[in-house]
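**Q** First the structure, which I've put down as structure tokens, then a few questions once you've had a look.
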Amino acid sequence: MNSATAHNTMNDVGSSDSGAAPTYSEAFPPLSDGGNAAGIATTSAENEWLNPKIQRIKSSVVTQIFHIPMEERAYKQTDFGQAQKDQSKACMDIMKMTDTQIEISTCRDGSLALLVSGRADNVLKARREIFNRLQTQARITINIPKDHHRVILGKSGSRLQKLELETATKINIPRSEDQNTAINIVGTQEGIHKAKHEIQLISDEQAKLAMERLQIEKMYHPFVSGPRSETSNQIAKEHGVRIHIPPPSVPKNEIVVAGEKDGVNAAVAKIMAIYNRKSRNCKTIAVEIMKSQHKYIIGPRGQTLQDILAETEVSVELPPSDSLSETVTLRGEPEKLGQALTTVYAKANSVVNREVMADVWLHRFIIGKKGANIRNITANLPNVNVEFRDEESKIVIEGPPSEVDQAQQLLEKEVKELKSRMDYTELNIDPKYHRNIIGKGGQSINKLRDQYKVNIRIPSDTDNSSLIRIEGDPEGVQEAKKQLGQMIKRMENERSKDVLIEHRFHKNIIGQKGENIRVIRERFPEVNISFPDASLKSDVVNLRGPKNEVDKCYKYLKHMNDDLIEKNYRIEVPIFKQYHKNVIGKGGSNIRKIREETNTQIELPTENSDSEVITIIGKKADCEKARKLIREIEREQANIVEESLSIESKLHNSLIGAKGRLIRSVMDECGGVQIHFPTDSSGSNTVTIRGPPDDVKKAKTQLLQIAKQKELASYTQEVKCKPELHRFLIGRGGATIKKVRDETGARIIFPAANDNDKEAIVLIGRKEEVEQAQKILTERIKKMENVTEIEMEIDPKWHKHFVARRAAVLRDIADEFGGVAVSFPRVGEQSAVVRIKGPSECVQGAKTRLAEIVDDLNNQVTIKCVIDEKYHRTVIGMKGKNIQLVTGELNVQVKFPDRGNQNAPQNGNEPIQNGVEDEDAKNIILITGHKDRCQEAKEALEALVPQVEEVSVPYKFHRYIIGQKGSGVRKLMEEFDVNIGIPPADKNSDIITITGTADKLTRAKEGLMERVGEIEKDEEDRVLRNFALTIEVPNLYHPQIIGRRGATITKIRIKNEVNIQFPDREDPNRDQIKIVGYERNTEAAKQEIMAIVNELASHISQDMHIDRRVHPRLIGTKGKAIRKIMEDYGVDIRFPKDKDIVTVTGPQDRVEECVEHVLNLEEEYMQDIVEQEENRKYNHSSRPDDRSRSHGQQSHPFVVRDAPWHQSVDTNSMDDFPSLSAPSSGASRSTTAPAWNRRM
């Protein structure tokens, strides 16, 4: 067929379709070519991807780089590395504060480069913090007029905050009440100059502005403003100014005009012209209009007043809403007042109010369901507003007079009609019955409503009302009232009774999905049975109903409860764990037999549980019988006796010990006997011991001895002492009370903060020890309670030290010495006498302490201690730990020089001067205190200055010292409080540096060498532990050696503490097994493996023909069936892939038994398979015609017109089919093979 014929044929096929086939260009439109102006235009509607209006999506994360020059870095690099840590900490704080990511690097010139990534606003915040904290700060001051400060601040300080963010500076503007005009700017040099420039621009712009405050009477403001502020807006627009006119509610005459000077002057001139004209020509009229009509003159949002002003140029003033006045004032030119007055009256009378009296209970019927009835009434009255006032039993109608009158008639007619066909009644019923009237889920009340076509309104629980209202059809109301009365009468005759049923039995009585309780309720339909909430765990079940029925139901439930109690009697029987398997029996035969014989439920602890108790549940007699049978099984296995002894229950916990350690040790010492204590709630003193006779006897003796010791050591007495004296009894650091404890051996317990009795001191121990301690404490308390008063002299110049800071020193003395009172002379008195009042011993102690303080003050000096600034942080210690220790022990004050002020520039490049001329001032630490102790403090501080010592440790041990993720070296540094520097790996150096105080260096060095010794031992042990032994084992035995899921090999590995490596399948040495570990352990593991191999070597393998269709059934779900066969016969069974062969491996006799069993199974399974295949033949669908028909009904082929293959093409044309190669000269090959022909 040529191409022309094909074209015609395709057209014929296409024409057979119901519609015209699309052309090739329509079905496959060409893609747009941006470079071809004559191409097919593709509109944005056709292809939204080519729409130029679509905006490119921008990332919300930005990245910026900030540089800090070397000379402006706040943290300079030091030898000790502290500045680097501070710098890193500052960066971490900034990242956390601003939610950004910061990468910091140091350039070759020493400058810092910081890469900051995050949201744009967060990056700005981070930039400011970086320059504030990582760059030295300069400071300048500029003077800006006070009235410009508020403009710089902006609304709520927003403009200032924005300026600070953009310039990364801190700008301090004085408070409004402060007359100072200076503004301080702190930040980097670049930032402060930029901020200064921006502030100066704002100030210069404000200097060009002007503001005028015009005092114009309030009554003329409407004329200046104009209707809807049109006049003032026009003036403001013409002259580019802002005009502020106070609203009508603000009693203020001032009009403010602000803007550029020329514009303000022109606007003021116009406003004053309006004011002058109106003040000359305006007159006023006052009329009385009812207060209720004022709102109609005002209109919605005051629009009516604005309309009157626009139409008549007359201002209407009304009294405030809270005023009783009804006077309305009109102000304007005389000729326009009449028109305005007419308009005011028209507006006032445009809306009227009418009232329709209707009982409250009728309101909702008038309104209807979801307001449907009232909408129908007012459907043709769009301007009417209807308001229902329940408290006044009336309906208020508001609107135009004509529509209001019509609405009033309709509503009165509706009320009259409702009254004729509706009725209501009210009943007083005790609120306790309301819930019963409503019923479960509202069933009872809904039934009454539907039956009598009435509405019954029951007050809510919060109303505390007993009134129930019935509304609806008169007959229905009466019937419902009668029905409710009968219900109440019946409920009043009802009885409520509680039956106690153990909470654990509630679910048994209720039954699964409520089946049991449903049967009980059907048996007693008039009784309401209420179970408590499950979370309350209450035993009370409430019954409510007629007395006789409640009594019957009570007896029934009580009987059920007694029966459940009887059937759920519980006995716990302790049986030695090793005999549990004997109790269970082979395949559970023994335990099943006991359960069946005794009709009990027997629960045994799980195999991996430590519990030895077997629980028996059932009737008491049956439980006792079951216990006897279980005990007999145990006695058959061993000679077990049981003995009871009486020990006071108060000693039981002490005998058991913390977490049962004490009683466990007794049981272990006595051959593992069982010792059982009664529960705390039982109050029993009986302790039971079970086990072999000798062991029981030994355990009994030990328990009685321990109990006697505990009883002797638990004698208790109390001593009463005022809480304020406890501190004195305890002494400083507990020294006094420790002495008493050591002398007497008694334990002394003071009341805790949360104890109710704050005076009781408890003494515990042996009787003689407690009595001795009681005697000592009583004597001391007696002495302390003898209040005395003494005097001492203290130089008046030191009085201020004691009473300063709200007498903090005196409060500390009072707390330390039993609440003594120290009285200093009043201010102005030149007396040196100080009185101390309190317990005698406390008074003397307080006097001594005061004398010590005065001595310190008299001998107080200040000395200097010079320590290089770079060591100050180390001397201070983490969180000031070191310095607090020195000041606390020696009672001195230590002051370190201020940091970071020396290099901070001021006013450009000038450094801030801090008044210190000496270059060494930054290294001087001042110590203030007693002259003797100051020298000790100085020595203590100098001892804290770190020193450096080098230790040689072989390089190969460094990684072990460092530990995983540095944990090893960190542990050493924390233990010895030093810094350990380990050289980088590329240096291959043996030298480790230790930095710390002299006393700590020695200990740290010793600790480091100890660690090196441990590593050397580990190295030797590692060599021994890596002994490798290779054994030859045929590859076919490897799976059996490994075992199921590696169980066998894992057991060998754990037992011998070795590592066993099996070769890969492709390994040429796949018969070799490698054992790594200690030599003796590898030999032991080898013996175990070879024993398995020898056993496997005696096994035989037998193949049997099993149909492949049977294989899945033999294997079972997840291999359960085949595993059971292998376990039962002790063999290994393999199924080769895609074969009818099954291989059984194992001892000969077992293999033969297994083969016979599997062949029997095959025969049985094959019968089932054959039957199923036969059934499938007959059950299989026999309707191929339907499928063939459905396949035959194919849709019409997709057809297009004017496709390239429809065109007539001359395959010999050089234009349509040019030659793929240049024609050779003199050749006759003028044609090539047609492009559409078959390729060769």
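Backbone N, Cα and C atoms are what each Cβ position is placed from, and that goes for glycine too.
Quick paste from TrEMBL:
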COMPBIAS  1-18  compositional bias 'Polar residues'
REGION    1-29  region 'Disordered'
DOMAIN    136-204  domain 'K Homology'
DOMAIN    281-349  domain 'K Homology'
DOMAIN    350-416  domain 'K Homology'
DOMAIN    421-489  domain 'K Homology'
DOMAIN    493-562  domain 'K Homology'
DOMAIN    567-635  domain 'K Homology'
COILED    616-643  coiled coil
DOMAIN    639-708  domain 'K Homology'
DOMAIN    713-782  domain 'K Homology'
DOMAIN    786-855  domain 'K Homology'
DOMAIN    859-946  domain 'K Homology'
DOMAIN    947-1013  domain 'K Homology'
DOMAIN    1098-1163  domain 'K Homology'
REGION    1175-1240  region 'Disordered'
COMPBIAS  1175-1189  compositional bias 'Basic and acidic residues'
COMPBIAS  1218-1240  compositional bias 'Low complexity'
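Tell me about the setting of these features in this model.
**A** When the domain 'K Homology' (136-204) is classified with DSSP, helix, strand and coil residues number 37 helix, 16 strand, 16 coil.
Across the range of the domain 'K Homology' (350-416), the DSSP-based residue counts are 36 helix, 17 strand, 14 coil.
In the predicted model, residues of the coiled coil (616-643) average a pLDDT of 85.
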**Q** Restricting to the same chain and to residues at least six past its boundaries, which positions have a Cβ under 8 Å from a Cβ of the coiled coil (616-643)?
**A** 566-573, 575-576, 579, 582-583, 590, 594-595, 597-603, 688-693, 696, 700
**Q** Going by DSSP assignments with H, G and I as helix and E and B as strand, what are the residue counts for the domain 'K Homology' (281-349)?
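**A** Split by secondary structure, the domain 'K Homology' (281-349) comes out as 37 helix, 15 strand, 17 coil.
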**Q** Counting by DSSP, what is the helix, strand and coil composition of the domain 'K Homology' (786-855)?
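**A** Residue counts for the domain 'K Homology' (786-855) by secondary structure: 37 helix, 17 strand, 16 coil.
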**Q** How does the domain 'K Homology' (947-1013) divide up by DSSP, counting helix, then strand, then coil residues?
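**A** In the domain 'K Homology' (947-1013), the DSSP-based counts are 40 helix, 15 strand, 12 coil.
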